[in-house]
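Student: Residues or ranges marked as domain 'DEAD-box RNA helicase Q' by TrEMBL: 3-31. Residues annotated as domain 'Helicase ATP-binding' in TrEMBL: 34-204. According to TrEMBL, the feature domain 'Helicase C-terminal' maps to 215-375. Taken from TrEMBL, the feature region 'Disordered' applies to 447-486. What TrEMBL lists as motif 'Q motif' is 3-31.
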Amino acid sequence: MAKSFASFGFRPELMQGIQDLYYKEPTPIQEEAIPLILEGKDVIGQAQTGTGKTAAFMLPILNRLDAGKRDIQALILTPTRELSIQIAKEVEKLGKHLHVNVLSLHGGTDIDRQLSKLKSTVHIVVGTPGRVLDHMQRGSLHFGRISTLVLDEADKMMEMGFLEDVEQVIVHTPSQRQVLLFSATMPDMVKRLAHRFMKQPPHIKIEGKQKTVEKIEQFYYVVNQSDKTDALVDVLEQEQPFLTIVFANTQVRVQQLTARLQENGFQAQALYGDLSQSKREQLMRHFREMRFQYLVATDIAARGLDVEGVSHVINYDLPNDVESYIHRVGRTGRAGQSGKAISLISPRQKNLMSRFAKATKASIEERILEPGRHLDAGRRQRALEREAHFIELRAKQAKEQQKEKEKEFAPVREALKKKAKVKPGYKKKLARELEELQMRYEKNRRKAEAIAARKAGKTVKPADAKKAGRGKAGRGAKGARPFRQN
Ligand code: AMP
């Protein structure tokens with residue numbers, strides 16, 4: 001039987017915080033990691049986002065925290081500012097009845113404001129390695145008395161080139177501190193880091209499906225690139241989602257897509273790396289408060305976002321790697337709710353999709369999209385545009401052909417023009433050649449006209465066509481005068 005939170009012997013104030021968040025029972029990573037962390041061991045937790053790993057390390061830290069002391073007692077390093085802010089928020093919620101002061105230190109915000117906050121009591125610091133190191137070098141931060149150091153999403157921190165910064169920070173912490181390392185994967189760099197700075201840590205691995213991901217329904221639609229936006233609009237109309245995050249792969253695509261959604265009457269806002277920190281925070285606040293329903297984002301901007309009530313995640317563009325796919329999908333189905341993850345893919349991306357399914361041990365089925373009014377209208381419009389383009393192209397070709405013909409006639413005409421001393425027989429021969437050329441030309445022209453008329457919706461009756469066939473050329477060389485002869 002699963003353990004209960006009460007079995008950990010947490011303080012009543014902390015149990016109250018857990019209850020406030022409606023956590024009923026510990027998740028697998030919490031069940032395994034919390035007793036070891038409470039014993040004071042260094043621990044490696046290999047678990048993905050969405051498994052409840054934050055509370056797994058935070059609950060023991062909060063349980064032993066002494067709010068009466070003015071020292072910083074725990075430091076949590078994270079790869080991104082979003083994750084840092086999110087962890088700080090979770091600490092505030094869980095530690096609400098413990099009167100804990102937590103500070104998030106991350107780039108993109110005013111360093112002076114952070115400095116002034118550091119002058120008041122701070123018990124827990126969460127931050128990105130660069131900004132934390134910056135404060136240490138200014139002398140505004142000391143970690144001489146911390147009892148716990150957490151390296152969260154260690155693989156991401158290494159991937160983002162934070163190894164040196166992380167090492168610098170670690171060597172300035174007391175040797176007796178407890179080190180907790182959490183990482184979705186264990187590349188060599190992370191293993192080396194653990195080996196250097198941790199004391200015989202037990203390695204907890206939470207395999208396969210995450211508690212929350214199990215409740216996510218995943219499927220995809222195959223659509224052409226030119227149909228994608230219309231398809232997205234139809235999907236949104238059909239799904240009637242609550243809060244939705246739409247992922248696109250670049251900033252430009254995020255901006256364009258947001259504009260298109262707005263044009264179609266959706267309350268959409270764009271979130272991407274280049275926005276100022278305050279703008280990003282404001283956007284996230286408004287999204288959480290449901291002031292708008294559709295957040296269009298790039299991966300980096302959305303890393304670590306934890307918003308309750310996200311019913312749908314849509315991959316407008318498919319990510320290239322499994323990690324990003326898992327991360328995106330994990331934005332829905334938070335806190336045990338159900339969710340849907342829908343991808344719009346090209347036929348060639350089916351292989352990639354089956355790789356994601358294998359890696360997540362999930363079934364991601366292909367579904368056929370019922371074209372709604374947008375996809376229908378869009379396709380019709382594009383078909384008309386294509387047709388107009390071909391008509392223009394054909395007209396151009398006909399003109400060119402006519403020019404060519406004219407060139408072909410030129411020598412004959414020239415010869416006829418010169419009332420030179422040519423043998424009578426030769427003159428007749430030239431006239432015959434000219435007549436033949438003219439007849440061929442007329443025939444081709446009529447054929448082209450008939451095709452064009454058919455395309456334009458006019459039907460040419462066979463009788464009319466015949467009549468036309470007996471036109472000028474039918475009257476013989478004398479009646480045919482498309483070219484001037486001298
Ligand atoms: P994390 O893996 O830390 O990103 O957490 C994923 C989500 O699960 C967050 O929204 C947490 O608030 C939520 N969560 C953490 N622990 C529990 C729990 N024991 N029961 C229900 N939800 C939880």
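Here the Cβ of each residue, glycine as well, is placed from N, Cα and C on the backbone.
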Student: Would you mind listing the long-range same-chain contacts of the motif 'Q motif' (3-31), meaning Cβ under 8 Å and 6+ residues beyond its ends?
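Tutor: Beyond its ends, the motif 'Q motif' (3-31) has Cβ neighbours at 38, 45, 47, 51-53, 55-56, 59, 62-63, 93-98, 204, 206, 211, 335.
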Student: Averaged over the whole of the domain 'Helicase ATP-binding' (34-204), what is the pLDDT?
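Tutor: PLDDT averaged over the stretch: 92.
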Student: Determine how many residues of the domain 'DEAD-box RNA helicase Q' (3-31) DSSP places in helix, in strand and in coil.
Tutor: 17 helix, 0 strand, 12 coil
